[in-house]
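Annotated in TrEMBL:
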- 41-64: transmembrane segment (TRANSMEM)
- 53-320: domain 'G-protein coupled receptors family 1 profile' (DOMAIN)
- 76-101: transmembrane segment (TRANSMEM)
- 121-141: transmembrane segment (TRANSMEM)
- 162-185: transmembrane segment (TRANSMEM)
- 205-238: transmembrane segment (TRANSMEM)
- 259-282: transmembrane segment (TRANSMEM)
- 302-323: transmembrane segment (TRANSMEM)
Amino acid sequence: MGLGDMETPNSSAGSQPDTCFGAFNASSGHNNTQNSIASPWFSTAFGLIGLCSNLFALCVLLSSSRKLSSRTRSSFLVFLCGLVITDFTGLLVTASVIIPYHFIKFTWAKVDPSCHLCNFLGFSMVFFGQCPLLLGATMAGERFFGINHPFSRSTSISKRRAWSIVGLVWGFSCLLGLLPVLGLGRYTLQYPGSWCFLTLLPDTGNVIFCLLFALLGIFSVLLSFIFNTVSVVTLCRVYHDRESVQRRRDSEVEMMVQLVGIMFIATICWLPLLIFIVQTVLQQLPARGQTQLLLPETQKMLLIYIRMVTWNQILDPWVYILFRRAVLQRIYPSLRPRPSIVSLYPVLNPSLHRKLTAD
């Protein structure tokens, strides 16, 4: 989502509570921590690793999609492509603003007095942060219906329809990110002054936007967990109950392993931040209208959780790169292919079975 872990700003704008520079006081002792913040070279390398990882995963996905004839597998690869494109673009956009700040050391209040750059960066953080969570829930839902209702035509999604669903997720996340620009909440410069994000202050607009962002993310993670858990249980039960099959594949297992890996990474990286946002906003509600600046402890904890979130964009592509059948079979040559979920279900009639197992 971003690389918000750099140096202290070279401006003191804490006296501007109604602008994007009013969330923390840049001159209130933060200079003492300048040496403890990561160097620009470390952050540049960190961003390049994430960009290269996502670019490599995208190339592998595009190569795999050209060789597939299975509609189920190809639609799943479309969702994975959407996820990788989102992570790659998110790193590219945020790094293009944050990393130059550390080399140029420009003054935010002078370069961006109207807060356009801060609003853009805050929008990017929200948009590219919410998209992976929603895409993860969408992928989990698609696999849930594909595994538990394999004979339903509605579970067979074409590539065009899959890309349309990805576009809807992008559009919804875009509308969410535009809410502060439209007047609900606001984006502000965050400690240590190199990035902008939603404001954890207890006024009505910020409270609503913070809760909307955090609760939507938590709901997406929980929905993914429920869908994936049921899908994994179904696969285990079906594979255990039926041993003789007409055609054997392990595509469903491969997809579920990748999907569970994506869900696990998103849960570890995102839930601490989302819970922290909800907890901080609700705790400050009694002081609504009195608090104008975030506490130093709150600012530092927010920075730590944002650093955790950035790992999500770096680890996501490696889930697909490493947990593919081609890789796993090289590591464990004794792995045997598993049956297709369609071939394991009772056959209603021969023509239907031939049609559903044709790929």
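Yeah, the Cβs are placed from backbone N, Cα and C, and that goes for glycine too.
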Any chance the transmembrane segment (205-238) and the transmembrane segment (121-141) have 3 or more Cβ pairs under 8 A, given the pairs are 6 or more apart in sequence?
yes
Taking the domain 'G-protein coupled receptors family 1 profile' (53-320) alone, what is its mean pLDDT?
85
